[in-house]
Amino acid sequence: MGDAFIRHIELLGYEKRFFPSQHYVYMFLVKWNDLSEKVVYRRFTEIYEFHKALKEMFPIESGDINIENRIIPHLPAPKWFDGQRSTENRQGTLAEYCYTLVNLPHKISRCLHVINFFKVRHDDMNPVTDSQIKKPEVFLLPKDSKKNLTDITGPIVLQTYRAIADYEKSSTSEMPLKAGDMVDVVEKSENGWWFCQLKNKRGWVPAAYLEPMDGPDESEEQEPNYAGEAYVVQKSYTAVEEDEVTLKEGDTIEVIHKLLDGWWVIRKDETTGYYPAMYLQKAGEVNTSVKSELRNRSAPPRRSTIRNVKSIHKQGRKQISQETYRRNSKKYIQNQRNMRGKSQNKANVIIEKNEPEDNKPRAQPAIPPRPSKDLILNRCTESTRRKIL
């Protein structure tokens, strides 16, 4: 398969830790060429030492010989005392640094120094903790932070979910679960895979295996949108269940309900059904790497296929039937057609009322009857009467 290299590095935020003493670590999501995704934690002092060593390895590209040749990004030195404010304010610079680093020429971005620094360490998977000291506080970086860095939130109280059944992981980036496990959700991806942490373990978990603590239903789940959003199928899928839809790569469909488990309700003509969200891409968006990545991934399991479910809630989760989706979708489409028809008729009436006078045919003047001789003699002048007589 060739040597490993990093495709992308995303700064997720930072953690405030209290063991062995208070300090801060940045959280990075590292995406590798084998499509695995790992979360690693690094102090800024470590990152700066890595940066200095990289500059020494590539003196030309770091601008040490000629400043005009510099392509390795700048990184400010750590402060004498790094507190929370400096840790937070540095995130924009650090996110830009990682983006530029990965896009440098391969001799730099794929060198062993970069690869080894971002490899998963033992303490990334099992951070040193003390049960007597409070848990780390997590500060997540908003997805639109490049637009407004002042929107950084925190501390984040991670949502706690409960596993409803045992789950065996199928890849190294996933995390196994046992029924009853309480996990903290770090990231909810709309493709149905959530990044969670359980004690000292972290990894991706199918959302269908998790339930909220305060009730069976998801408060964050959107309502159906029967107007639909246009999406393009990036990977073919053959329906396994009766309420799923079979589609081919390149098909254009409409998404009418986005569900958190990663199985969206879509509409193709007048047919509705479930389809994996991770195989769809919004119409008009350009992402050349999506197709090759998705062919190596599997869709998350659906809740209806999970066996031995053990929920703490007496009531089941509310679910809309496909018959209801089809009926409401058909009604919406019919209403839109009726509205368009009425609008067209109204427009025609307005056009007729506003038609210019020049375009309308003018009425022909009536020809008056010829007057009698006596009437002419009675009304004409004396001069005309003499000529007639």
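The first residue you see is number 1, and the count goes up from there.
Yeah, the Cβs are placed from backbone N, Cα and C, and that goes for glycine too.
Sequence annotations record features per position, and here TrEMBL assigns domain 'PX' to 4-125. Summarising the annotation, TrEMBL assigns domain 'SH3' to 156-215, 226-285. Annotation source TrEMBL lists compositional bias 'Polar residues' at 337-347. The region 'Disordered' annotation in TrEMBL covers 337-374. The compositional bias 'Basic and acidic residues' annotation in TrEMBL covers 352-361.
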DSSP-wise, what's the residue breakdown of the domain 'SH3' (226-285) into helix, strand and coil? 3 helix, 29 strand, 28 coil
Please list the DSSP helix, strand and coil residue counts for the compositional bias 'Polar residues' (337-347). 11 helix, 0 strand, 0 coil
Looking at the domain 'SH3' (226-285) alone, can you tell me the average pLDDT? 92
